[in-house]
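Now, the feature entries from TrEMBL:
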{"type": "DOMAIN", "residues": "A:25-143", "note": "domain 'Alcohol dehydrogenase-like N-terminal'"}
{"type": "BINDING", "residues": "A:Thr41, A:Glu117, A:Glu153, A:Asn157, A:Asn304", "note": "substrate binding site"}
{"type": "DOMAIN", "residues": "A:147-358", "note": "domain 'Glucose dehydrogenase C-terminal'"}
{"type": "TRANSMEM", "residues": "A:186-211", "note": "transmembrane segment"}
{"type": "BINDING", "residues": "A:Thr191, A:Gly192, A:Pro193, A:Ile194, A:Asn213, A:Arg214, A:Arg215, A:Phe274, A:Gly275, A:Thr276, A:Ser302, A:Val303, A:Asn304, A:Lys348", "note": "NADP(+) binding site"}
There are 4 protein chains.
Amino acid sequence: MKAIVVKPGTKGFELKDYDLREKLGDHQVMIKTLYNGICGTDRGIVSSKLSFSRPQDGFSELILGHEAIGMVKEVGDNVVSFRKGDYVVPIVRRGCGECLNCKVGRSDFCETGKFVEAGIRGKNGFMREEFVDDEAYLVKVPEAIKDIGVLTEPLSNVVKAIDELFQVQRRMIWNCEDGAYSCRNAFVIGTGPIGIFFSLMLKTFGFNVYLLNRRDPSPKEEYISRKINATFINTSKGLSDLPKVDVIADTSGFPSAFIPLLNKMNKNSALILFGTQSGDKTQIDADLITFFVENNIALFGSVNANKLDFKEAINYLTMWKEKYGDALSSMITTRVKPEEASKILLEKPSGEIKSVIEW
Amino acid sequence: MKAIVVKPGTKGFELKDYDLREKLGDHQVMIKTLYNGICGTDRGIVSSKLSFSRPQDGFSELILGHEAIGMVKEVGDNVVSFRKGDYVVPIVRRGCGECLNCKVGRSDFCETGKFVEAGIRGKNGFMREEFVDDEAYLVKVPEAIKDIGVLTEPLSNVVKAIDELFQVQRRMIWNCEDGAYSCRNAFVIGTGPIGIFFSLMLKTFGFNVYLLNRRDPSPKEEYISRKINATFINTSKGLSDLPKVDVIADTSGFPSAFIPLLNKMNKNSALILFGTQSGDKTQIDADLITFFVENNIALFGSVNANKLDFKEAINYLTMWKEKYGDALSSMITTRVKPEEASKILLEKPSGEIKSVIEW
Amino acid sequence: MKAIVVKPGTKGFELKDYDLREKLGDHQVMIKTLYNGICGTDRGIVSSKLSFSRPQDGFSELILGHEAIGMVKEVGDNVVSFRKGDYVVPIVRRGCGECLNCKVGRSDFCETGKFVEAGIRGKNGFMREEFVDDEAYLVKVPEAIKDIGVLTEPLSNVVKAIDELFQVQRRMIWNCEDGAYSCRNAFVIGTGPIGIFFSLMLKTFGFNVYLLNRRDPSPKEEYISRKINATFINTSKGLSDLPKVDVIADTSGFPSAFIPLLNKMNKNSALILFGTQSGDKTQIDADLITFFVENNIALFGSVNANKLDFKEAINYLTMWKEKYGDALSSMITTRVKPEEASKILLEKPSGEIKSVIEW
Amino acid sequence: MKAIVVKPGTKGFELKDYDLREKLGDHQVMIKTLYNGICGTDRGIVSSKLSFSRPQDGFSELILGHEAIGMVKEVGDNVVSFRKGDYVVPIVRRGCGECLNCKVGRSDFCETGKFVEAGIRGKNGFMREEFVDDEAYLVKVPEAIKDIGVLTEPLSNVVKAIDELFQVQRRMIWNCEDGAYSCRNAFVIGTGPIGIFFSLMLKTFGFNVYLLNRRDPSPKEEYISRKINATFINTSKGLSDLPKVDVIADTSGFPSAFIPLLNKMNKNSALILFGTQSGDKTQIDADLITFFVENNIALFGSVNANKLDFKEAINYLTMWKEKYGDALSSMITTRVKPEEASKILLEKPSGEIKSVIEW
């Protein structure tokens with residue numbers, strides 16, 4: 001079996017034959033990989049910048065890959081939910097089994113930190129011809145979206161964050177007079193796949209969405225913004241055109257990107273932190289804290305997703321495909337064969353929204 | 001009628017005869033003031049540092065005072081909930097009547113900012129011999145706590161913040177294995193009345209509470225900490241003894257006070273911003289943002305309280321008096337007559353927790 | 001303009017020219033009707049069995065019709081959300097403007113009962129060539145589902161009920177070990193459009209769904225059940241094959257239909273009452289009450305839907321169309337022209353799931 | 001050690017020397033019993049009417065008693081929350097350890113039914129001179145309420161039910177215009193200790209409370225109703241004086257008691273089922289179901305309580321004692337020595353609200 005393998009702590013990766021001799025357990029499913037998506041985490045591991053990456057216990061290397069879609073090749077004797085030929089997406093994080101959140105299926109809120117994440121830390125990932133996984137960690141994908149199902153994993157994290165947003169905002173009445181959200185504005189900072197997913201989610205709930213970047217949109221970004229009726233703003237040209245805002249989703253991780261926007265925040269508004277970076281610094285002062293207090297403003301960091309979020313992500317992809325046509329598939333800007341993986345793992349292709357490996 | 005009157009925008013205050021010729025409406029109650037509490041906001045208005053203070057429409061001066069307890073002298077013809085002799089506390093903020101939150105009795109989340117606040121902005125306050133108020137803005141106080149009922153208003157704001165904390169933390173399972181909170185640690189930054197109330201509330205829910213200040217405790221603080229079984233920590237001696245923490249309540253408003261503590265925060269923890277200040281600055285970097293993201297950490301500012309919070313505050317005061325004896329009444333460190341108000345309005349008495357005016 | 005008109009309190013209906021001389025206000029939209037759906041309420045009004053039906057103020061007759069989809073013909077000067085050519089569904093209930101729920105856009109929970117409902121009570125309905133409505137009471141439908149958008153209104157009521165189910169069940173941990181609902185069984189009593197929508201919703205959340213009727217399935221019912229992977233059960237053949245159940249949705253309104261199933265209810269389960277009927281009687285005893293108490297069982301009646309439910313209904317229809325292909329459109333079993341409306345308003349066509357009028 | 005012992009399945013009880021030779025584990029506490037409360041469940045076991053009662057594994061007899069307060073005699077080496085001399089109340093139900101609710105400390109929602117309950121099923125109870133229990137199953141009681149702390153257990157169940165009420169009613173805006181509940185009416189059916197606790201809880205939240213029984217109040221009931229400002233209604237004199245109602249709490253278990261009141265229920269109202277009985281029958285018809293549907297009415301059975309409910313019960317008892325003086329202690333109408341237990345276990349003393357055994 002071919003697999004894309006890294007040595008955490010060392011730069012680079014290798015596409016090589018790598019036989020794990022996995023046996024199919026009674027509650028397990030064997031899956032032929034169709035596509036892997038690439039994100040900053042994959043490149044961070046390959047460039048050896050992410051210190052938390054580590055091989056699975058008993059291994060010295062790690063198979064990369066946490067975004068995937070595959071087709072069921074074979075099912076174990078006691079598998080009830082899947083059949084040969086089904087399209088499936090695997091869940092990334094596997095809980096610690098110790099804390100209460102993991103015990104009730106919410107490993108995205110694992111408290112011990114003893115979870116593993118396929119392709120990232122402590123568990124081999126999905127960048128390989130095929131893999132065996134427990135039925136419990138798979139979600140089914142309708143055939144109708146097999147072309148974009150590889151987007152499920154990144155979207156699932158956004159689904160969780162938006163779900164958390166509405167939970168947090170139950171602090172007060174946050175809807176508009178008509179019970180919906182058309183009176184609410186949202187800024188999404190960053191226009192990568194996560195930024196586009198935040199925009200799609202917030203549009204779906206009826207928010208007026210502003211996609212912010214420090215440059216003009218690429219043609220693809222322009223196309224997608226128009227399709228989903230969001231407004232792309234080049235913030236390098238000034239912030240004065242921006243309206244007051246009710247929710248900001250930062251996908252950049254740079255405090256210098258979102259701090260200057262905070263004075264646009266309405267009373268009762270919320271800031272979602274999603275992006276992770278390093279190296280950027282900025283100053284805050286007591287007036288900002290007072291502003292948060294006086295205006296009942298909330299902020300939360302959100303990471304990972306649970307199984308229900310994966311299922312909802314698939315529902316959204318299905319709905320959006322029917323509604324927006326090729327807006328979703330146009331997010332996949334580069335498709336390469338495993339042999340060409342260096343083109344997308346070692347560098348970021350120009351105009352990339354999402355690059356995938358096609359097996 | 002004697003009243004303590006300020007001219008917002010001008011330093012100082014005056015105790016003078018001030019007849020508002022208030023008539024008692026059908027749904028109104030006339031109240032003889034017993035005590036007023038003094039807080040930083042009062043001193044900020046008197047020292048002309050709070051720019052948002054303004055007189056009631058049609059007035060050039062403002063009667064100060066938003067913390068009060070009084071006794072009903074007379075009730076209007078259609079008043080149903082109060083009788084002569086009842087002890088009452090008035091609510092401070094009166095909603096805008098326009099936004100959805102104000103329409104459903106949640107003016108603490110007013111969105112328009114068009115609310116008024118008695119003794120602060122746009123409405124005469126309670127530092128006067130007597131006042132007339134609408135039945136709807138009064139809450140009854142059991143006679144048993146008439147001595148500490150003046151603490152209701154400051155506590156109500158803490159009740160709201162704690163209520164919001166539990167709302168925000170419904171993001172995940174946050175309780176301990178036994179369904180309660182004894183496995184959770186809380187830091188309360190600042191040991192004034194608000195800090196003590198946060199400590200009392202969090203103790204009541206079973207948290208292990210650490211009261212933090214940059215100095216050793218005063219004898220009163222030591223007494224109260226011991227009574228309520230909280231640990232007083234002098235943070236100027238270092239932070240290394242502090243455990244990991246699940247909730248931080250900042251009552252200081254200084255980012256330099258709480259930012260150094262954030263690395264103690266557990267996964268899924270929350271930071272409550274309650275204090276307001278100016279002039280303090282500190283630097284944050286992208287690693288802090290990443291820390292918030294990777295650990296699902298939430299933060300929210302909280303201000304004001306609604307009527308239900310006032311009622312719950314009274315319940316807590318009643319319960320704590322029975323449970324802790326004089327711990328609550330010992331929070332009232334200074335009592336002065338209106339004629340001596342300058343002793344507590346122009347300066348902060350040494351060892352003050354809460355100063356009150358006795359009418 | 002042709003319209004289908006009734007005289008509440010009198011049997012029958014009339015298709016006739018009926019000019020309301022509606023003018024297009026600044027915030028209004030003129031809509032060309034495409035389809036009307038027919039439900040039991042329409043037939044109840046036509047047969048004069050629903051005593052609550054009444055004309056709009058100032059009218060002696062009522063235009064029938066509360067399920068509709070149309071296309072925008074013209075928009076008022078200040079309309080922002082709609083353009084000519086858009087597909088739209090109108091909302092049925094218009095709130096009282098007095099109670100808190102109506103004030104915050106939740107007229108489905110109107111407390112005063114002073115709401116009006118288009119085509120039912122106090123407001124002319126949509127069975128007419130065209131109608132004018134306020135922008136605020138319209139929701140947009142993607143062109144992709146213009147063929148099934150007429151199902152939005154009935155589905156919206158189910159969306160509300162399911163939303164309420166999850167709200168009520170936040171009493172405890174109700175999800176399965178994996179965070180989803182595949183360990184949960186659901187019975188849906190009645191296999192009309194509402195029964196099918198409950199099944200689709202509960203399947204979408206991962207429940208094992210059993211569609212119950214007192215007869216064998218029609219070919220259409222069999223087709224749809226198979227497509228959505230639900231199990232059709234003919235309860236006249238006995239209940240012994242039925243498993244224990246976690247949620248029952250009754251769409252029949254007959255206590256004699258659901259009372260015998262209650263002993264299948266698991267601890268912590270819930271019963272949704274949705275169907276309305278008359279004439280059926282059954283006996284309950286104290287043991288049933290004890291059973292509800294000992295097992296923490298909840299039950300709730302649910303009626304109507306708010307704007308957000310309409311929007312979600314459209315999302316679900318869009319997603320299901322992409323996922324299930326013609327399962328949804330096959331629910332529309334009869335299409336007639338307005339001139340033939342008696343075929344579906346005076347009687348129920350054989351094998352009907354949903355009958356519609358095509359304008 | 002003296003203990004009150006039953007043989008489940010056999011009538012009667014015995015006060016006898018019964019040495020369990022319990023050893024004090026590291027995380028355990030030895031408690032000297034002060035009082036046991038008696039409720040219908042105790043009498044049901046003694047009269048052999050409750051078929052679910054059973055001894056602890058390995059025993060042929062069961063020590064009775066699930067309502068208790070005691071004083072700590074000795075603590076195990078690793079006990080952190082209790083000291084000698086502390087007053088404590090033990091929790092009754094011990095979870096199955098298997099289902100998700102038990103895993104997160106919510107054994108009151110145990111799904112497997114494999115829990116045990118001290119003094120009722122599968123675990124020896126507290127009607128004995130002393131007992132050893134795990135620290136995790138004890139809650140501390142302030143000395144100030146040692147006289148009424150024995151009421152904690154019955155109140156805890158009401159606390160849970162009221163908590164569930166507010167959870168269920170988050171379906172809509174249920175508060176009044178001022179954010180509180182003074183516009184809401186509540187009926188409490190039955191005037192035993194549970195009925196009085198429901199009244200106290202609902203009064204505490206500001207409801208107008210009507211205590212309903214089929215007879216005139218006893219002097220004690222009259223005294224307590226007056227103290228807590230609730231209205232006692234003798235329903236045998238007719239129901240026409242009763243207003244419309246927003247919540248009904250039935251503590252009787254007789255459907256014939258609450259069914260006739262249902263037509264008083266307002267839109268969006270809720271019915272709490274708490275009482276358990278047998279033998280009573282009544283008829284319901286489809287119109288009642290329609291009434292529930294059209295008015296969004298909810299109903300739920302509630303049983304048992306978790307640790308947090310016990311803690312809150314203690315808070316309420318403490319608050320009410322300070323506020324209402326002897327209203328609570330006057331609920332304890334009979335105090336007997338263990339030797340006289342037959343006076344309260346075999347019969348119900350005249351005028352009883354709560355009978356207790358004093359050790």
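Backbone N, Cα and C define each Cβ position, glycine as well.
Mean pLDDT of the predicted structure over the domain 'Alcohol dehydrogenase-like N-terminal' (A:25-143): 97. Note: the CA-CA distance between A:Arg215 (NADP(+) binding site) and A:Thr41 (substrate binding site) rounds to 24 Å.
The most densely surrounded of the binding-site residues A:Glu117, A:Glu153 is A:Glu153 (count of other Cβ atoms within 10 A of its Cβ).
Checked against A:Glu117 (substrate binding site) by C-alpha proximity, the binding-site residues A:Thr191, A:Pro193, A:Asn213, A:Gly275, A:Ser302 yield A:Ser302 as the nearest. In space, A:Ser302 is the closest of the binding-site residues A:Thr191, A:Pro193, A:Asn213, A:Gly275, A:Ser302 to A:Asn157 (substrate binding site), judged by Cα positions. A distance below 8 A between C-beta atoms marks A:Ser302 as the binding-site residues from A:Thr41, A:Glu117, A:Glu153, A:Pro193, A:Asn213, A:Ser302 lying next to chain B. The number of other CB atoms found within 10 A of the CB of A:Asn304 (substrate binding site), across every protein chain shown, is 22. As a summary of secondary structure, the domain 'Alcohol dehydrogenase-like N-terminal' (A:25-143) carries 18 helix, 45 strand, 56 coil according to DSSP. The local packing around A:Ser302 (NADP(+) binding site), expressed as other Cβ atoms within 10 Å of its Cβ over all shown chains, amounts to 26. Long-range C-beta contacts of A:Gly275 (NADP(+) binding site), restricted to its own chain and to partners at least six residues apart, with a cutoff below 8 Å, comprise A:Ile189, A:Gly190, A:Ile194, A:Asp250, A:Thr251, A:Ser252, A:Gly253, A:Phe254. Long-range Cβ proximity for A:Thr41 (substrate binding site), meaning a same-chain Cβ under 8 A and a gap of 6 or more residues, is found for A:Leu50, A:His66, A:Ile120.
The binding-site residues shown are A:Thr191, A:Pro193, A:Asn213; of these, the one with its CA atom nearest the CA of A:Asn304 (substrate binding site) is A:Pro193. Cβ crowding, taken as the number of other Cβ atoms within 10 Å, peaks at A:Thr191 among the binding-site residues A:Asn157, A:Thr191, A:Pro193, A:Asn213, A:Arg215. Whole-number maximum of the Cα to Cα distances across the substrate-binding residues A:Thr41, A:Glu117, A:Glu153, A:Asn157, A:Asn304: 14 angstrom. Across the structure, A:Ser302 (NADP(+) binding site) and A:Glu153 (substrate binding site) place their CA atoms 14 angstrom apart. The two recorded residues, A:Asn213 (NADP(+) binding site) and A:Glu153 (substrate binding site), show a Cα separation of 23 Å. Listed in chain order, the residues near the substrate site other than A:Thr41, A:Glu117, A:Glu153, A:Asn157, A:Asn304 are A:His66, A:Val92, A:Arg93, A:Ile120, A:Pro154, A:Ser156, A:Val303, A:Ala305, each with its Cβ within 8 Å of the site Cβ centroid. Under the DSSP three-state reduction, A:Thr191 (NADP(+) binding site) is assigned to coil, being neither helix nor strand. For the binding site of NADP(+), formed by A:Thr191, A:Gly192, A:Pro193, A:Ile194, A:Asn213, A:Arg214, A:Arg215, A:Phe274, A:Gly275, A:Thr276, A:Ser302, A:Val303, A:Asn304, A:Lys348 according to the record, the largest Cα to Cα distance is 28 Å, rounded to a whole number. Cα of A:Thr191 (NADP(+) binding site) to Cα of A:Glu153 (substrate binding site): a distance of 17 Å.
Here the C-alpha separation of A:Glu153 (substrate binding site) and A:Pro193 (NADP(+) binding site) works out to 11 Å.
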